[in-house]
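S.K.: Quick paste from TrEMBL:
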- Cys53, Cys57, Cys60: [4Fe-4S] cluster binding site (BINDING)
- Glu161, Arg181: S-adenosyl-L-methionine binding site (BINDING)
- 39-266: domain 'Radical SAM core' (DOMAIN)
Amino acid sequence: MAKSWSEKKITSILSSRDHQILDELLDAADRCRRKSVGPKVFLRGLIEFSNECRCNCFYCGIRNGNLSILRYRLPNNEIIALAMSAFDAGYSSLALQSGESDDPQKINEVVQFVQAIKAQSLARDNTGQGLGITLSIGELTFDQYKALWEAGAHRYLLRIEASDPRLFSQIHPPGQSYEKRLHCLDALKTIGYQVGTGIMVGLPGQSIENLVRDLQFFVERDIDMLGMGPYIPHPNTPLYMKQVPDYDPFIMTLKIIALARLMMPDINIVCSTALQTINPRGLELGLKAGANIVMPVLTPENYRSSYSLYADKNYTRPLKLIEQIRGYGYEVELRTWGDSRHYAARQAQK
Ligand code: 5AD
């Protein structure tokens, strides 16, 4: 399937400003998703458990150098309690996210709460599954990834942010290396995780050619999940006010999601909060473009505003979000984990 998508064809779709081409693309992607992964949308209750971060990514509002936000880290018992109340409310999968730290003590804490969430949810669950756990806590060592896997996490999101090494180095400080990111993605796959990656769309210096390569990168890497969103400038970051490309980041993100769905029919694709933030129709059109995962934010209200990756982050109450998804004609699936079908196919081939 992927092979039939030539560079020329992708480039022409991404460069086009014709609304009819966009409409046709979204229709094709919606048909493809209904056929390959069905009309279901799976939820991941998102708990942003800490905004402490050792990195200094030039685009990110929780970068270490931003001294104007309050730093927080939820204590383990609060994280576990939140996870269990999500489970009681009907969620079968969670995404646990934070800034990056490879401090062995901190990772050990994550191992502990993942174990506890797993054990407690299994004890209350008659399907024998317990809560499905996705982690998104950055670049760690192989052994740390392995310990988290053994604790019960089975999916991991680590965006490449920009698959072109040059663009990657323009948006990250010298200490953060592209090779290390690739190495981490490899490690996650070796261990057995369902691996997700993604990019930001509309970054300063990003060309259409870069985006075409990004799509090829996802295919080549045989990823299981994709999480992408438009780049939204944050005032307390070095990239703020830097000139952005002349394409519309919202429309371009929709196109990339749609092409990703068509090129990789059986992967899971997230309809990101950034997409919902940048345009009031973000949820509706993100789903139409082929996204099948939504992550309602379950982070407690008093911490939510400190998890400010970008400006004016959207917050929609989970129940409202579920209502909206149904309103757009999709089924909200709460009972099952909603693992990536691509992962299952990958495992079957082994
Ligand atoms: N705009 C959009 N997305 C951002 N992220 C970080 N900063 C921004 C921004 N300014 C995204 C990154 C990261 C994810 C957790 O949030 O892609 O991987």
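Just so it is clear, glycine is given a Cβ too, placed from its N, Cα and C backbone atoms.
Just so you know, TrEMBL annotations never went through curation; they're auto-generated.
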S.K.: Taking the centroid of the Cβ atoms of Cys53, Cys57, Cys60 ([4Fe-4S] cluster site), which other same-chain residues have Cβ within 8 Å of it?
M.R.: Cys55, Asn56, Tyr59, Gly61, Ile62, Arg63, Asn64, Gly99, Glu100, Leu309
S.K.: Measuring Cβ to any atom of ligand 1 with a strict under-6 Å cutoff, which of the binding-site residues Cys53, Cys60, Arg181 qualify?
M.R.: Cys60
S.K.: For Cys57 ([4Fe-4S] cluster binding site), which of the three DSSP-derived states applies: helix, strand, or coil?
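M.R.: Cys57 ([4Fe-4S] cluster binding site) sits in coil per DSSP, no helix or strand.
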S.K.: What does DSSP assign Glu161 (S-adenosyl-L-methionine binding site), in three states?
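M.R.: The three-state answer is strand.
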S.K.: What does the structure give for the C-alpha distance between Cys60 ([4Fe-4S] cluster binding site) and Glu161 (S-adenosyl-L-methionine binding site)? Integer Å is fine.
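M.R.: Taking the Cα atoms only, Cys60 ([4Fe-4S] cluster binding site) lies 11 Å from Glu161 (S-adenosyl-L-methionine binding site).
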S.K.: Whole-number answer please: how many Å between the C-alpha atoms of Cys57 ([4Fe-4S] cluster binding site) and Glu161 (S-adenosyl-L-methionine binding site)?
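M.R.: Roughly 10 Å, rounded to the nearest whole number.
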S.K.: Counting only residues 6+ away in sequence within the same chain, which have a CB under 8 Å from the CB of Cys53 ([4Fe-4S] cluster binding site)?
M.R.: Cys60, Ile62, Arg63, Asn64, Ser98, Gly99, Glu100, Ser101, Gly138
S.K.: Ten-angstrom check, please: count other Cβ atoms within 10 Å of the Cβ of Glu161 (S-adenosyl-L-methionine binding site), all chains counted.
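M.R.: Around the Cβ of Glu161 (S-adenosyl-L-methionine binding site), 23 other Cβ atoms lie within 10 Å.
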